[in-house]
């Protein structure tokens, strides 16, 4: 790992700090999108109109676009294995926002889950990879044509076709995992495409000899990214029409992050620059985040608070 770290060119500290800041802000913006879109859908149903006519839904949609642009900028400066898990910060923020806008419950365990999610994100930042394993367009092209990654994408594509054309029409409105699986599997295309566009753009802007080839690669990745985002957008709104926004957001985060990290590990191999201590630290951070999300969602229907707990203890005494 040490040898790999020496051979890879790491981003400057200023770029890493800026990337981290953009990633954190983007995660908070993304955390508000599902809540705002759900609020718009509810308002539109009450009026008997389409949610496309509701200003709150459009506010959520614009917030989603802003968050994705922020993610794009963060992916160009910070390793994918750090940016994606930081999306956890959007889950507690979305739950708090939903408790006000949608009147969804957030008890003491939910608040504890918010704290754990934030603490886990800090651990992820501390133990994240400090260098990039893919820094040029030539390296990117080599990784994209790797048989292992191509085979992985073929499996993902087959699963998407099965889910979209056979399973979703029959079971999508009743099983939340169907829509979540579609959106999360598409992350195997969106996140690597975003990272790849950033790398290809560097050659285009610097007018290198390979800029023409980089332009072709950039256009292909943009087409893949655009198609993936459109399909994701469609099924996210389908899910919000049928399911609770905070439940969808929490489960979506865990599944999406897991699949994106898997795709990034195969394509960019950023994990090769992580030592044993940092690997265990990131595993603990991701586990802490996941436990926090479970506390936010699984126990949200429990009606108790600290005051009731104190009264119960006094009666026992």
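Glycine is no exception: its Cβ is also placed from the backbone N, Cα and C atoms.
Features reported for this protein in TrEMBL:
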TRANSMEM  14-35  transmembrane segment
TRANSMEM  55-75  transmembrane segment
TRANSMEM  81-102  transmembrane segment
TRANSMEM  109-129  transmembrane segment
TRANSMEM  149-169  transmembrane segment
TRANSMEM  214-235  transmembrane segment
TRANSMEM  247-267  transmembrane segment
TRANSMEM  279-299  transmembrane segment
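Only residues 6 or more beyond the boundaries of the transmembrane segment (247-267), in the same chain, are considered here, and those with a CB under 8 A from a CB of the stretch are 31, 34, 80-81, 84-85, 87-88, 90-91, 94-95, 134, 143-144, 146, 148-149, 152, 156, 176-177, 179-181, 183-185, 187-188, 191-192, 195, 239-240, 286, 290, 293-294, 296-297. Remote same-chain partners of the transmembrane segment (214-235), defined as residues 6 or more beyond its termini with a Cβ less than 8 Å from a stretch Cβ, comprise 64, 68, 137, 140-141, 164, 168, 179, 182-183, 186, 189-190, 193-194, 196-197, 200-201, 203-204, 208.
With Cβ pairs under 8 Å as the measure, the transmembrane segment (279-299) is packed most heavily against 109-129, out of 14-35, 109-129, 149-169. With a cut-off of 8 Å between Cβ atoms, the residues of this chain six or more beyond the transmembrane segment (149-169) that come close are 143, 178-179, 181-182, 185-186, 188-189, 231, 235, 262-263, 266-267.
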